[in-house]
Amino acid sequence: MTENNRLSVKLPGLDLKNPIIPASGCFGFGEEYAKYYDLNKLGSIMVKATTLHPRFGNPTPRVAETASGMLNAIGLQNPGLEVIMTEKLPWLNENFPELPIIANVAGSEEADYVAVCAKIGDAANVKAIELNISCPNVKHGGQAFGTDPEVAAALVKACKAVSKVPLYVKLSPNVTDIVPIAKAVEAAGADGLTMINTLMGVRFDLKTRQPILANITGGLSGPAIKPVALKLIHQVAQVVDIPIIGMGGVANAQDVLEMYMAGASAVAVGTANFADPFVCPKIIDKLPELMDQYRIESLESLIQEVKEGKK
């Protein structure tokens, strides 16, 4: 078996030569990282969130360092669907035609999500949609879509009805019980899950006596959240039959294999890209050696082994 075959995985809409995917919000649309290496080396790319209209994001400061991670409250800043469809995604496809694109979709109400999902699958090389259901629902008092199984299922069903590509739903860890939400979105037609999104946190400035972030709270990411991600992925993998793209604190090849042990079928790398722009290709290069060390023939065989273990 060649190294390429050992690392390749097939998911709904995604035929990946390797499982490593830069996470949405940590890689922009690839322009900055393309200065460092050929993005065709990646398995896929989860591009920055797309909303129907441009969003300018939250006031600054938007980021704060924490032990083994960071807090961010960017606020889904993006140029909006039209610019992304006419400029950002065509640039990616033209320069990196071998790179499958996963479009991340966000919104403030169901109609916004549906409008974006109906169109973004038309862009060349967009093979799947990642639905960010952690956004506040302005029509339900600001409660995030992803905290209520019925609300989440209704959103997924509406988006699935118009989407031209498979739909992966990004689950929030900021809930009492993630299992009913995972089962609800699967029943509503989700083709896969991505998890986990960031945990909520806050830091204070001792001099000003105020929160460091202008938004007060932010999303906690980085190595600090990996055990939480592994626990929730393992929990959800026991009860769903759709594939999971695991994320949360991944920084090296060992972390990737841990995600597989928990039940993931591919892995997204987020905050680690800020510390080392080359982290994704480094992980890809290291994986075959580590798989040899632990007698793993291929990632597909590991997926099957983990599935057999949960029966």
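Keep in mind that glycine also has a Cβ here, set from the backbone N, Cα and C atoms.
Look at Swiss-Prot and you will find Cys135 tagged as active site, nucleophile. In three-state terms derived from DSSP, Cys135 (active site, nucleophile) belongs to neither a helical nor a strand segment and is classed as coil. The number of other CB atoms found within 10 A of the CB of Cys135 (active site, nucleophile), across every protein chain shown, is 23.
Here Swiss-Prot flags Ser24, Lys48, Ala49, Asn104, Asn132, Lys170, Ile196, Gly222, Gly248, Gly249, Gly270, Thr271 as FMN binding site. The DSSP secondary structure for Ala49 (FMN binding site) is coil.
What Swiss-Prot lists as substrate binding site is Lys48, Asn72, Ala73, Ile74, Gly75, Leu76, Asn132, Asn197, Thr198. Taken residue by residue with DSSP, Gly75 (substrate binding site) is part of neither helix nor strand, so it is coil. Within 10 Å of the C-beta of Gly75 (substrate binding site) there are 16 other C-beta atoms, taking all protein chains into account.
Our reading of the substrate binding annotation (Lys48, Asn72, Ala73, Ile74, Gly75, Leu76, Asn132, Asn197, Thr198) yields a largest Cα to Cα distance of 16 angstrom. For the FMN site, whose binding residues are given in the record as Ser24, Lys48, Ala49, Asn104, Asn132, Lys170, Ile196, Gly222, Gly248, Gly249, Gly270, Thr271, the maximum C-alpha distance rounds to 20 Å. The binding-site residues examined here are Gly248, Gly270; by Cβ neighbour count within 10 Å, the least packed of them is Gly270.
The local packing around Ala49 (FMN binding site), expressed as other Cβ atoms within 10 Å of its Cβ over all shown chains, amounts to 23. Listed in chain order, the residues near the substrate site other than Lys48, Asn72, Ala73, Ile74, Gly75, Leu76, Asn132, Asn197, Thr198 are Gly25, Ala49, Gly219, each with its Cβ within 8 Å of the site Cβ centroid. Listed in sequence order, Asn58, Arg62, Val63, Leu213, Ala214, Asn215, Thr217, Gly218, Gly219 are the same-chain residues at least 6 apart in sequence whose CB falls under 8 Å from the CB of Ala73 (substrate binding site). In this structure the C-alpha atoms belonging to Thr198 (substrate binding site) and Gly248 (FMN binding site) are separated by 7 Å.
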